[in-house]
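As given in Swiss-Prot:
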type	residues	note
DOMAIN	3-113	domain 'MTTase N-terminal'
BINDING	CYS12, CYS48, CYS77	[4Fe-4S] cluster 1 binding site
DOMAIN	130-367	domain 'Radical SAM core'
BINDING	CYS144, CYS148, CYS151	[4Fe-4S] cluster 2 binding site
DOMAIN	370-436	domain 'TRAM'
Amino acid sequence: MNHKVGFVSLGCPKALVDSERIITQLKAQGYELVPTYEDAGVVVINTCGFIDSAVQESLDTIKEAMAENGRVIVTGCLGAKADVIKNACPDVLHISGAHAYEEVVNAVHQHLPPPADPFTQLIPPQGIKLTPRHYAYLKISEGCNQKCTFCIIPTMRGKLQSYPMAQILTEAKKLKQAGVKELLVISQDTSAYGVDTRYQQVEWQGKTVNTRFYDLCEQLGELGIWVRLHYVYPYPHVDDIVPLMRDGLILPYLDIPLQHANSRILKAMKRPASSENTLLRIASWREICPDITLRSTFIVGFPGETEEEFSELLAFLKEAQLDRVGCFKYSPVEGAKANDLDNPVSEDIKEERYHRFMQVQAEISRNKLKNKIGSTQTVLIDEITEDQIIARSKSDAPEIDGLVYLPKISGITVGSFAEAMITDSDDYDLYGDLEYSLA
């Protein structure tokens, strides 16, 4: 019998972690992963359903797999809208929602029974990872308690469920032992970690720690590898972790989605509504940790956004001088409360505001990177091509931030650290020469 499984993972890093866990279980039970539809006995597709374009990509992928294989199991965020999937592809074998690991594995069992004698010893202790060996995503919770009007994640993934502290730290240790040099801490709401447990006290390596954001960061910092924080909601207690960055326990990098600067728009989004307070906090963080890199994301064209309110966002951007910024044009997501707001912004205006926003940020980024010329940066080697080395600095998360390009020399390996002298820059990337390897 064919025990081969095809797997397609769509969407964000949180979905990628879900895929890794499903694949780890399947591999532990003796299934073989194959890269083509035609070789697979069944195909699993982990979908995204956050915005319309993601829904369409997921549906297109399901249709393609059905056409080329015909035996398809669907899971992930779009699985919460089973009727949408069934209307497009009525013959899929099974549909489940996000983080339904056991349900997916059971569905595979039903339609493609496992081998009688799985070679479980072939599974590494850290599980199967879909990222390069030197970095890994570490998911610390599921779900979200926020009620942002533009988002339906709580509907698809449920309320906050923090993973046990010992489970997270054990996984982190195994990843380090497997050679991982960088942990990217992710969840729907990273800084809310532990709220649902009422900060339960647990024992870890002979000491008592609280199930809360600060304690988790402190314990991860003791691993001695890069720890990068993503999706950090701007709660007041986020201020407490900045000294950990200053002291080198975790990377001086904070991914903190702010979404807008105008107070009326923020209230309509049900987000923290004080750009003045945010600017004061940013100044405080930089005073405590001058090397901190601040990344954020914003939405332009939110329903009712006026030209004056958009101009306020641009003014905030210029004053905040954030290091890394992403921007999204508002997209009405089925089920989001923001869809009911008056005065939707036209697509032409959204597009125009998006380009104006990105022009402002490109200039900010260009000037910030120009100031790094002549400095020495610790970099992590991501890739070595025929003629160059591609790396990232402490300021750069994989996939979403800039890169450091270096001339190729011998003795450097992917996943190693090195010191690089920066000689040039552009809008988003740095260029330099290797000074020496840190191994």
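Heads up, the Cβ atoms here are built off N, Cα and C, so glycines get one too.
All features noted in Swiss-Prot, drawn onto the structure.
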residue: CYS12; record: [4Fe-4S] cluster 1 binding site; DSSP (3 states): coil
residue: CYS48; record: [4Fe-4S] cluster 1 binding site; DSSP (3 states): coil
residue: CYS77; record: [4Fe-4S] cluster 1 binding site; DSSP (3 states): helix
residue: CYS144; record: [4Fe-4S] cluster 2 binding site; DSSP (3 states): coil
residue: CYS151; record: [4Fe-4S] cluster 2 binding site; DSSP (3 states): coil
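CYS77 ([4Fe-4S] cluster 1 binding site) sits 17 Å from CYS148 ([4Fe-4S] cluster 2 binding site), taking the CA atoms of both as reference points.
When DSSP labels each residue, the domain 'TRAM' (370-436) comes out as 1 helix, 35 strand, 31 coil, counted as helix, strand and coil in that order.
For the pair formed by CYS144 ([4Fe-4S] cluster 2 binding site) and CYS12 ([4Fe-4S] cluster 1 binding site), distance between Cα atoms is given as 15 Å, rounded to the nearest Å. Using a 10 Å Cβ-Cβ cutoff, CYS12 ([4Fe-4S] cluster 1 binding site) registers 18 neighbours.
Cβ packing within 10 Å was compared across the binding-site residues CYS48, CYS77, CYS148, and the lowest neighbour count falls to CYS148. Residue counts for the domain 'MTTase N-terminal' (3-113) under DSSP (helix as H, G, I; strand as E, B; rest coil) come to 56 helix, 22 strand, 33 coil. For the [4Fe-4S] cluster 1 site, the Cβ centre of CYS12, CYS48, CYS77 serves as reference, and the other residues of the chain with Cβ at most 8 Å from it are LEU10, GLY11, LYS14, ALA15, THR47, GLY49, PHE50, ALA54, GLY76, LEU78, ALA98. Excluding CYS144, CYS148, CYS151 themselves, the residues of that chain whose CB lies within 8 A of the CB mean position for the [4Fe-4S] cluster 2 site are, in sequence, GLN146, LYS147, PHE150, ILE152, ILE153, PRO154, GLN188, ASP189. You'll find the Cα of CYS151 ([4Fe-4S] cluster 2 binding site) roughly 14 Å from the Cα of CYS12 ([4Fe-4S] cluster 1 binding site). The two recorded residues CYS48 ([4Fe-4S] cluster 1 binding site) and CYS148 ([4Fe-4S] cluster 2 binding site) have their Cα atoms spaced 18 Å from each other. Straight-line distance linking the Cα atoms of CYS12 ([4Fe-4S] cluster 1 binding site) and CYS148 ([4Fe-4S] cluster 2 binding site), rounded to a whole number, equals 18 Å. CYS144 ([4Fe-4S] cluster 2 binding site): 23 other CB atoms within 10 A of its CB, across all protein chains.
Mean predicted confidence for the domain 'TRAM' (370-436): the pLDDT average there is 93.
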